[in-house]
């Protein structure tokens, strides 16, 4: 299969690791938003029914920003390369959004000259939208960058590093959210300010490391239109081994790949043409992801509110310093511990997932993850404190942590299995390689559109459920159950995808053995991080 930007030399392991490191910074920011975003908005005065509307930023950014960024970056001819300019710009705007959201009250007071709760809430909501829009401008180009610069035989290793750093970022974000950071760093007035500032710093450091150590060969204008100019003698090769530089000339040195120069028409017309011809398995997995993320989003928005309100019987809208507000914040911190447990289970289950897929097959494992999602969300309505309690019992806290933590099974599965399936589907046509950024962002729409459904549907569900967030989570569980049914009915028959010739099939025998060694090394990397690098 034709890969027009395939790096031709092996890349050093440390360069692959540093390139993927930016994912850890991104995930810390996401964890900060998920753990304290809703609590901060409630404190600033937004109603529980309206809070889901503030989370519209996520789906809108996924449906609008990601496709635009993906398409533009595919043809970007900047001297830094196709992806790195977007990483830099996205980091700048994400940092600004993190600081503005966490300091909305102080900024509004400074700008207006007096305390203004409505102005502070407006700033917080605007910065909340900016945060989602800008972080999407980092995530999609980062995934495309890793695909651009990492040679095909080392992709398994690169994906392993992505998984490790995603888990570490989620874990670190959950641990930080569970701490009273304002006591550790007394120069911050509130925990949310400390957490968001630390998240911004980690994002800057990790993205800077990625940008500085990863090199892209600038895309030549002749290749930016979406068509490939093919040389009879194939691609020029780099002499230095291990530099990790992607080349902007197509790899056609193998005669059997010489037919692979065909492409879709340039520009948006070609993009529409490509969408019309995407293989059926792509859309099957897309449909299951819609259900998965309808459930996920109810958890993201309401999990800590559910713990603070239902388990601890607190009130997120109460006056700061009051008893109801204090117990609510204790619940939010327990939710942070639950999210940290989710990250640990995610990484542990990720290690077992390859074995389970080989033994059981894709359909049973994928369906099992959907059933786990449905069970966790539906059971939330039954996990609640008793009136008059001073604090939840140890058993109740344990049940709460386990209910949140088991989402690690779902998260590990949904971060690997669907992406593998759609990757196999897209490999049915070599022309999709030229539109990698577009199709990556298109599949992300299966994670963004459900957020619109939840954002607009949650207020209606809350009005019926008496503002109980567990009611919304229960509906999310119904979607998870529907996803499990779809996995079984559709069977996700990727085996029907036409077989195509790819680079791996034409590698020499010793190169194929090297691929297996890289995969083994990837597994050992994951295991070492899991056993040695985690907070317990």
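Positions of Cβ are set from backbone N, Cα and C atoms, glycine also.
Given the structure is predicted, the values throughout are model-derived calculations rather than measurements.
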Annotated range (TrEMBL: transmembrane segment) out of 12-35, 156-179: 156-179
Annotated transmembrane segment segment (source TrEMBL; candidates 249-275, 438-464): 438-464
Per TrEMBL record, range annotated transmembrane segment [choices 404-426, 496-518]: 404-426
Contact between the transmembrane segment (438-464) and the transmembrane segment (41-65) (at least 3 Cβ pairs under 8 Å, separation 6+): yes
Stretch in 41-65, 156-179, 282-303, 404-426 most in contact with the transmembrane segment (191-212), if contact is a CB pair under 8 A: 156-179
Annotated stretches the transmembrane segment (282-303) and the transmembrane segment (86-104) touching (3 or more Cβ pairs under 8 Å): no
